[in-house]
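Some features that Swiss-Prot has for this protein:
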| type | residues | note |
| --- | --- | --- |
| ACT_SITE | H158 | active site, proton acceptor |
| BINDING | 58-77, 140-143, 249-251, 275-277, C293 | NAD(+) binding site |
| BINDING | Y102, R105 | substrate binding site |
| BINDING | C166, C169, C207, C212 | Zn(2+) binding site |
| DOMAIN | 37-307 | domain 'Deacetylase sirtuin-type' |
| TRANSIT | 1-36 | transit peptide |
Amino acid sequence: MRPLLIAPGRFISQLCCRRKPPASPQSKICLTMARPSSNMADFRKCFANAKHIAIISGAGVSAESGVPTFRGAGGYWRKWQAQDLATPQAFARNPSQVWEFYHYRREVMRSKEPNPGHLAIAQCEARLRDQGRRVVVITQNIDELHRKAGTKNLLEIHGTLFKTRCTSCGTVAENYRSPICPALAGKGAPEPETQDARIPVDKLPRCEEAGCGGLLRPHVVWFGENLDPAILEEVDRELALCDLCLVVGTSSVVYPAAMFAPQVASRGVPVAEFNMETTPATDRFRFHFPGPCGKTLPEALAPHETERTS
């Protein structure tokens with residue numbers, strides 16, 4: 001059996017945010033390349049020849065749909081940044097506050113729709129599937145907009161806002177209720193002057209499995225928690241097989257996902273970054289296309305003149 005590229009035993013699997021990659025014995029293989037190209041015609045040649053395309057997406061794709069990113073200036077909920085609340089320690093200390101934060105995010109998403117970037121990816125996947133080619137989306141986003149756009153081959157490595165996990169019995173279940181429990185109705189306002197609701201724990205979302213009734217938590221990966229090893233193995237298989245990789249709307253500072261594309265690039269596979277600005281990983285990639293993904297991706301993923309037509 002071949003060794004995994006990103007298996008937990010060889011690389012970090014814990015969710016964390018860093019400006020520089022973690023030290024590892026393999027880091028020396030990710031050599032800095034020549035300045036990446038922004039030549040769309042050259043990228044389109046790679047796209048036309050690719051049989052297995054991996055697309056790694058981050059918050060920048062959904063930002064164009066109006067989804068808060070909780071990054072940079074103005075990236076606060078009340079006086080907190082996401083990294084202050086998206087931790088197991090924060091949930092243990094104040095589950096009411098954390099549930100208010102996620103209730104706000106769930107409610108925001110009800111009015112958001114996929115943008116042209118999401119749709120370009122989904123349409124490309126469907127079109128290439130009919131040609132016997134594969135597109136897989138590996139997303140760090142928890143908003144389900146790729147799913148809503150129609151993407152089928154989807155790995156949501158950080159989970160989703162619309163699933164819960166019981167802290168007692170471990171049951172994972174879809175949950176699209178609005179509000180998720182009566183006590184959260186009208187709660188979660190993001191303004192800094194808003195006071196915490198201080199909802200009693202027994203009024204927060206509870207497990208409905210027979211005989212359980214345990215406290216529910218969002219089924220997302222929090223900072224300091226490990227990603228699901230089974231999902232990491234799926235990611236590894238896809239990245240080991242891909243012959244073209246796109247990195248779209250991601251800052252390349254949240255690990256372990258920030259390692260994925262540089263590892264693909266280290267074996268000579270073309271990697272194209274689509275982002276508003278450069279990232280710590282940009283110089284490792286063959287292509288970089290600045291600008292909104294909703295503008296660059298439709299052109300990049302449009303049918304190529306060499307594609308079969310029905």
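Along the chain as shown, residues are numbered 1 onward.
Placed from the backbone N, Cα and C atoms, the Cβ positions cover glycine too.
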Shortest C-alpha distance to C166 (Zn(2+) binding site) - which of the recorded positions G58, G66, H158, G249: H158
Averaged pLDDT score, the domain 'Deacetylase sirtuin-type' (37-307): 97
Assigned element (helix, strand, coil) containing C166 (Zn(2+) binding site), judged by DSSP: strand
Candidate nearest C207 (Zn(2+) binding site) in space, where candidates are the binding-site residues G66, Y102, Q140, G249, M276 and distance is Cα-Cα: Y102
Y102, R105, C169, C212 filtered to the binding-site residues whose C-alpha is within 10 Å of Q140 (NAD(+) binding site): none
Sparsest Cβ surroundings (other CB atoms within 10 Å) among the binding-site residues G58, G66, G249: G66
Around the Cβ of F70 (NAD(+) binding site), the count of other Cβ atoms that are within 10 Å: 20
All-chain count of other Cβ atoms within 10 Å of M276 (NAD(+) binding site): 15
Proximal residue to G249 (NAD(+) binding site) among recorded positions Y102, R105, H158, C169, C212 (C-alpha distance): H158
Distance check against Y102 (substrate binding site) for the binding-site residues S62, F70, C212, keeping those with Cα within 10 Å: none
G66 (NAD(+) binding site): nearby recorded positions from R105, H158, C169, Cα cut-off 10 Å: none
Rounded Cα separation (Å) that holds between C212 (Zn(2+) binding site) and G58 (NAD(+) binding site): 35
Residue from R105, H158, C169 whose C-alpha is spatially nearest that of G58 (NAD(+) binding site), among the recorded positions: H158
Where Y102 (substrate binding site) falls in three-state DSSP terms: helix
Output field, Zn(2+) shell: CB within 8 Å of site CB centroid, site C166, C169, C207, C212 dropped: T167, S168, G170, T171, E208, E209, G213, G214, L216
